[in-house]
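Here the structure comes first, spelled out in structure tokens, and everything after it is commentary.
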Amino acid sequence: MKVLRCLVCSFYIIVSLITTMTIGTPSMPAINTQTLYLAGHSSKLFERNVGCVKTRYLNQTGDWVTRSLIYVFTFDTEPWVTQAGAFQVKWEPYSPLLRVKASDYVRDNLGAKPDYFIRTYDNDFLLLSDLKEVRSTCSLWVTLKYVDRIPETINRTFYTICPDPVPVPFDERCYP
């Protein structure tokens, strides 16, 4: 009887671990279908009069996901001028790198790079940085779930890792 209990207990532990590992792995937001909003960045990445930055899923071809980068030139007068450009991303599961193929427009005008280091991510946020150095410029992207209030742990990581972090408040006028 004790052997049977031991076997049942062992089976339960193994199943629990497998279930936890399967359910516990977060989805990479850069390659799923959710829209991501720029929630913060290093001050070196600041572009005057550029706001309302978001990226939207378009499609997937093989391992590459195509996304649009949408932003507006904000001025004192309206209407604002909306701009958009396409880029592709690829992520190998558990890799620390996010590969990017940007259009000429996105690369030349917004400084997109071919690789970004994934500092941390979860189903609803993504913190990216350049590969150059330990405290390199970075950007924080979140889903709609976190646009109004970024959880403290994510915020703390953003402020610790990113040099001269600048939060980007969510502006209702951007996303009617």
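Each Cβ is built from the backbone N, Cα and C atoms, and glycine gets one as well.
Of the listed cysteines (Cys9, Cys52, Cys138), only Cys52 is recorded by Swiss-Prot as the disulfide partner of Cys174. All protein chains included, Cys174 (disulfide bond) registers 18 other Cβ atoms within 10 Å of its own Cβ. Look at the disulfide-bonded residues Cys52, Cys138, Cys162 and count other Cβ atoms within 10 Å of each Cβ; Cys52 has the fewest. Using a 10 Å radius centred on the Cβ of Asn155 (N-linked glycosylation site) and all shown protein chains, the other Cβ atoms total 18. Neighbour list (Asn59 (N-linked glycosylation site), Cβ cut-off 8 Å, at least 6 residues apart, same chain): Val65, Thr66.
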